[in-house]
Amino acid sequence: PIVPNVTIIAFILIAIFAFILAKTRFGQHTYAIGGSVDAAERSGINVKRHLIKVYMISSFFASLAGVCYVLMFITGRAPAGSARLLDAVVAVVIGGASLYGGTGSIGGTIIGVLIIGVLEIGLVNLGVPTYNLYIAVGCILILAVLIDQFLPKLVHGKD
């Protein structure tokens with residue numbers, strides 16, 4: 001097939017969860033907790049129960065990703081996806097999510113994934129050794145964190 005089934009399933013799930021985060025109380029509570037746990041508790045959100053739901057959803061998708069990995073490569077090892085963890089964190093941060101919580105979007109994350117994918121494919125095509133890919137991605141993460149930390153201060157003039 002032109003588009004793999006896993007990609008179609010991923011886009012369907014992305015659309016569903018983009019809607020959930022943008023248009024439902026669950027999504028509003030998730031952003032509220034990310035912004036300030038204390039403020040979320042004071043506004044009546046059961047933070048502990050909500051975080052358990054969020055972690056359960058995250059665990060489900062991590063296990064689904066593991067199943068997809070095994071289906072694609074017909075093999076599985078416990079540390080097999082650990083190399084992808086850095087890529088995932090960098091893609092989310094590049095996409096606009098703050099490491100300090102409260103901001104971010106699924107659309108931004110998709111853009112971050114595309115940027116990391118293009119970077120890695122470009123470096124591989126240039127013949128850069130694999131271990132240098134991790135260095136490049138790590139440098140981008142450091143740059144993204146610095147921008148996340150200092151850009152609001154520059155824009156708003158806060159110390």
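Just so you know, glycine gets a Cβ as well, placed from its N, Cα and C.
TrEMBL does not curate its annotations; it predicts them automatically.
Within its own chain, the transmembrane segment (6-22) is flanked in space by residues 30-31, 61, 68, 71-72, 105-107, 110, which lie at least six positions past its ends and keep a Cβ under 8 Å from the stretch. Annotated transmembrane segment per TrEMBL: 6-22 (among others), in sequence order.
Marked as transmembrane segment by TrEMBL: 54-76 (among others). Residues of the same chain lying 6 or more positions beyond the ends of the transmembrane segment (54-76) and with a Cβ under 8 Å from any Cβ of it are 6, 13, 30.
The transmembrane segment feature in TrEMBL is assigned to 88-119 (among others). Sequence-distant neighbours of the transmembrane segment (88-119) (same chain, 6+ residues past either end, Cβ-Cβ under 8 Å): 14, 17-18, 21, 31, 33-36, 136-138, 140-141, 144-145, 148.
Positions annotated as transmembrane segment by TrEMBL: 131-151 (among others). Here the transmembrane segment (131-151) has Cβ contacts under 8 Å with residues 83, 86-87, 89-90, 93-94, 98-100, 116, 119-120, 123-124 of the same chain, all six or more residues outside its ends.
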